[in-house]
């Protein structure tokens, strides 16, 4: 019977969404039995259909049968019609605890914690005086996660203790999650430690909340502990652990988790393998991403799109286009996310005509209306190609209000081409949209500095100070010995600093003698002398990280560096030179994309 109901539910949804039946004829065709009507209500997607089903219920069966009244209440709430739900609930001849829980659950699903408290109060003072149970409090906690205050959460905690429901592991897990989301890890850990029986969800929750609070390494410690006490990881475990690997940026750790995924029999799980593919890409291992993708049996649209995103982020636009065409060839329908990555790939590779073609194809062939992300990509594509007025024209023609992402793309292009007039317009709009984002002020200041407008640049920097905005400091990260090493500008804090600085001098000497290289001091946007500029630019964090990488990373392995800001022009040229002189492969991920340096060239073709 249960299988039949599930089948019926999916069948009803299919028929209705495909519009094989009109709403009225769809309802008329239903058998007048409780099981069929409950299945139809559960799959209901419109208020019109809900009302027709409500009429069918009134004419055909009684609210007393099969909890159908509860299902209708939940349906009305799910569709945003609170008044109808409340009216129906009040008209129900018999209301048990399930009925009250349905009402609370409906409000919880929409984050209406105040309404949940109101219904809970009514429930307890009603004639019968129902006692809240595990289901009641799970809904309450869920609503609290949406946006409840700490006081409200603690109030629910107190009620749970009062009614003796804190022994239920599901309720405790929900509280562990809620306290973690509020940043109160002490309370989460206390609840976890006090649990007499910790299930896998308990351990998974501890991994996730530590990750969310910037403690990925501590979360992984809970993962290891869960395995030691005999819990086998499931899909949720691996997804959380893979996110932790991304946060920590340790490739060897990711490879170890990959082995556990294979050993645990999850290599056929498309959700996990897609996350693994994405992780390798973000860690600079594009080849590993490709290997994982090609090992997936019948990859779905998410896997195809993830691989497309990998090519885009790494700047391999032509490969991204080939991948997209192959995806379409195999009958996988692209969605708006697919086109965002495809247009991004075109933007990162300077493929203007291709980008225009796919932007047009998206709406004409696939009936996908362009969204803000698509316009951001197109503005970036046109702007970085030097077509600043075309980019600005596209913004003015947009059918919706341009977002900060759109104006940010234009401002970035203005920085490249030193267009102070258009850059000022873009920055002013960004100041309105994102008044607390210091990056926009820094960008405009840099545009003025690059154009020699030192007074204007100083004015913007002073404006930043007045607003209390702080410029983010540049730092670079590199993995070695299962540890992430961090470097900042002019960094001498590392134990191997003397060796690093010696290597840095050696590199500069080779670059000058073998290539006649001169530092690109125009990228130092400070009104100081040339000698000072050269000294400043030679101590950028990514250069220090590259020197360290040359010392410790095996020649058989690429030197992979992460930079929190955009790589500067001189560091970009230096990386190309080092890759040629030292015959090393260098991969740098900055705030925008990956750069693959080999034999004196970069994968971005200097288009970045």
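Each residue, glycine too, has its Cβ placed from N, Cα and C.
Taken together, the residues in the region 'Type E motif' (406-481) have a mean pLDDT of 93 on the 0 to 100 scale. For 406-481, the entry in Swiss-Prot reads region 'Type E motif'.
The region 'Type E(+) motif' annotation in Swiss-Prot covers 482-512.
The feature region 'Type DYW motif' is assigned by Swiss-Prot to 514-608.
Look at Swiss-Prot and you will find 30-64 tagged as repeat 'PPR 1'.
Annotation source Swiss-Prot lists repeat 'PPR 2' at 65-95. Tertiary proximity for the repeat 'PPR 2' (65-95) is limited to same-chain residues at least six positions away from its ends with a CB under 8 Å from its CB atoms, namely 34-35, 37-38, 41-42, 44, 46-47, 50, 53-54, 57, 102-103, 105-107, 109-110, 115, 126.
Residues 67, 69-71, 73-74, 76-78, 80, 82, 85-86, 89, 136, 139-140, 142-144, 146-148, 152 of the same chain, all 6+ positions outside the repeat 'PPR 3' (96-130), place their C-beta atoms under 8 angstroms from a C-beta of that stretch. For 96-130, the entry in Swiss-Prot reads repeat 'PPR 3'.
Annotated repeat 'PPR 4' per Swiss-Prot: 133-167, in sequence order. Counting residues 6+ beyond its ends, the repeat 'PPR 4' (133-167) has Cβ neighbours under 8 Å at 97, 100-101, 104-105, 107-109, 111-113, 116-117, 120, 123, 174-175, 177-179, 181-182, 184 in the same chain.
With DSSP states grouped into helix (H, G, I), strand (E, B) and coil, the repeat 'PPR 5' (168-198) comes out at 23 helix, 0 strand, 8 coil. Taken from Swiss-Prot, the feature repeat 'PPR 5' covers 168-198.
Summarising the annotation, Swiss-Prot assigns repeat 'PPR 6' to 199-233. When Cβ-Cβ distances below 8 Å are used as the criterion, the repeat 'PPR 6' (199-233) is approached by residues 169-170, 172-173, 176-177, 179-181, 183, 185, 188-189, 192, 240-241, 243-245, 247-248, 253, 260, 264 of the same chain, each at least six residues removed from its ends.
Long-range contacts of the repeat 'PPR 7' (234-268) within its own chain (CB-CB distance under 8 A, at least 6 residues past either end) are made by residues 200-201, 203-204, 207-208, 211, 214, 216-217, 219-220, 223, 226, 275-276, 279-280, 282-285, 295, 297, 477, 479, 482-484, 560, 562. Taken from Swiss-Prot, the feature repeat 'PPR 7' covers 234-268.
According to Swiss-Prot, the feature repeat 'PPR 8' maps to 269-299. Sequence-distant contacts of the repeat 'PPR 8' (269-299), counting only residues of its own chain at least 6 positions beyond either end whose CB sits under 8 Å from a CB of the stretch, comprise 235, 238-239, 242-243, 245-246, 249, 251, 254, 257-258, 261, 306-307, 309-311, 313-314, 316, 558, 560, 562, 587, 589, 594, 596.
If you look at the repeat 'PPR 9' (300-334), the same-chain residues 6 or more away from its ends with a CB under 8 A from one of its CBs are 270-271, 273-274, 277-278, 280-282, 286, 289-290, 293, 341-342, 344-346, 348-351, 354, 358, 366, 368, 593-596, 603-604, 608. The repeat 'PPR 9' feature in Swiss-Prot is assigned to 300-334.
The repeat 'PPR 10' annotation in Swiss-Prot covers 335-365.
Among the features that Swiss-Prot reports, repeat 'PPR 11' is placed at 371-401. Non-local neighbours of the repeat 'PPR 11' (371-401) in the same chain are 336, 339-340, 343-344, 346-347, 350-352, 355-356, 359, 362, 407-410, 412-414, 416-417, 419, 422, 425, 607-608; each lies 6+ residues outside the stretch with a CB under 8 Å from one of its CB atoms.
What Swiss-Prot lists as transit peptide is 1-28, and the listing cites sequence analysis.
Taking H, G and I as helix, E and B as strand and the rest as coil, DSSP gives the repeat 'PPR 10' (335-365) the counts 27 helix, 0 strand, 4 coil. Sequence-distant contacts of the repeat 'PPR 5' (168-198) (same chain, six or more residues past either end, CB-CB distance under 8 Å): 134, 137-138, 141-142, 144-145, 150, 153, 157, 160, 205-206, 208-210, 212-213, 215, 229. In the repeat 'PPR 7' (234-268), the DSSP tally of helix, strand and coil residues is 27 helix, 0 strand, 8 coil.
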